[in-house]
Amino acid sequence: MGKPNPSQSRLVAYELVYQVNRDGAYANIRLPELLSKSKMEKADKAFTTELSYGTLRMQGRHDYIATKYIDRKFSEVDPKIQDLLRIGIHQITQMRVADHAAVSETVEVAKLVAGESKASYVNAVLRKVTASSNDLVELSNLPNLERLSISYSHPEWIISSFYDQLKDWAEVEKLLAANNLPAAPDIVAWPGKSSTTELVQLGATQIPGFSNAANLDGIPSEFDPIIQRRAGVQDRGSQIVVENFLTTATIGQSWLDMCAGPGGKAAYLFHSLSQKDTTATFLANEPIPHRAELVKRVVNNQQVVSFDATDPDNFSSTFDRILVDAPCTGLGALRRRPEARWRKSINDLKELVTLQRNLLTSAYKLLNPNGIIAYVTCSPHIAETKGQVLDFLARHKDMSILPLSTLADAHKQGVLKDGTMQLWTHQDQSDGMFMVLFKKVG
Ligand SMILES: C[S@@+](CC[C@H](N)C(=O)[O-])C[C@H]1O[C@@H](n2cnc3c(N)ncnc32)[C@H](O)[C@@H]1O
């Protein structure tokens with residue numbers, strides 16, 4: 001084999017996959033850094049993005065394929081070889097790259113990052129993969145859970161949690177497929193700062209049924225209204241949450257965003273309230289310092305505090321409207337975060353459910369008579385959604401659900417019989433947001 005000569009686009013894709021899988025990097029933060037250092041052309045950057053994000057999403061499936069051609073468990077293979085095989089198999093099975101190019105280009109990366117002998121091994125395994133149809137017909141004999149887990153590259157516990165809610169394997173399959181498709185970012189025009197007319201004039205596409213939303217077929221950090229902090233990157237599901245909560249506004253209320261970082265909903269709420277009602281007050285709270293700094297970039301600094309919100313004594317006043325956009329497993333936003341499905345476990349869920357419960361208890365203590373709490377997660381998991389609702393209502397007899405269906409100006413999308421809302425990526429083209437409004441009586 002000659003001197004290694006990898007293409008920049010594959011080398012950067014490998015670096016990203018390795019850093020995410022081995023060093024805990026976040027793809028959406030690390031990739032822009034790697035791309036800006038690389039000086040690649042736009043088309044090569046797009047290739048790198050598709051290859052690296054796609055590999056991270058689909059690596060469960062790729063590991064299954066690789067295991068057919070190796071003589072040990074995939075987890076026992078050298079970590080560099082694991083990630084090289086994954087990017088090779090992604091090109092062979094998921095992208096329109098000719099087999100010979102997928103193999104030889106991956107082998108060039110392997111020579112540079114892992115040396116000649118490991119590169120030979122990668123070469124041998126990938127050649128065997130190209131000789132197969134990779135149609136995985138054998139999976140049709142497996143139970144639904146195992147079959148879908150391999151085909152759509154999702155951990156089984158996550159698929160079970162979707163089935164618990166959807167109760168229909170065909171629907172679950174559609175959701176898993178949607179989670180594997182990249183989505184162009186949604187943006188929101190902050191009232192008083194920009195408008196959808198301006199966003200559309202600058203090349204974004206308006207989203208029907210929304211007052212301030214547009215979809216951007218481009219890089220948000222290169223879009224002027226975002227650079228100038230007059231608009232934000234925000235999935236339409238989160239925009240629905242904010243807009244629904246705002247329909248409960250009356251004059252002169254005090255608002256708290258209890259879990260505000262990095263500030264998406266806080267910014268939209270803050271700018272909307274500033275336009276609607278100058279007598280309303282707004283406070284955003286975020287305990288993690290660097291996330292609180294992000295909130296300060298989009299909300300007036302004087303209106304951002306940094307406390308553990310599970311202790312209500314940290315706050316010096318009570319509120320009429322409290323948003324509890326709680327830390328959660330994020331199982332509703334898997335298409336936007338390629339590695340997220342591999343990062344969370346059932347153990348995380350247990351801790352998160354306790355934290356969510358404690359935040360709700362604290363919100364209750366901070367709520368004024370006739371006040372409203374919006375409890376929100378970007379997860380459809382039953383323990384983080386319906387489970388929390390039942391638990392909260394059982395513990396607080398003076399609280400009841402304010403059905404979203406009774407609010408004339410609220411979005412109708414995803415509203416369930418009990419008045420809560422559950423969005424689904426495959427049905428609503430949004431993150432799988434859950435929302436319930438709790439009203440305090442008297
Ligand atoms: C789902 S995120 C909020 C997203 C945010 N509302 C937005 O739209 O950009 C949950 C936030 O809760 C914060 N958090 C974690 N523990 C908390 C606590 N004990 N009190 C308040 N916030 C907490 C996390 O740091 C995280 O920033």
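Quick reminder: no glycine exception, Cβ is built from N, Cα and C everywhere.
Same-site candidate for S-adenosyl-L-methionine binding, as annotated by TrEMBL with Cys259, Ala260, Gly261, Pro262, Gly263, Gly264, Lys265, Asp308, chosen from Asp277, Asp320, Asp325: Asp325.
Not a single one of the binding-site residues Cys259, Gly261, Gly263, Lys265 has a C-alpha within 10 angstroms of the C-alpha of Cys378 (active site, nucleophile).
In the predicted model, residues of the domain 'SAM-dependent MTase RsmB/NOP-type' (164-441) average a pLDDT of 97. According to DSSP, Asp325 (S-adenosyl-L-methionine binding site) sits within a strand segment.
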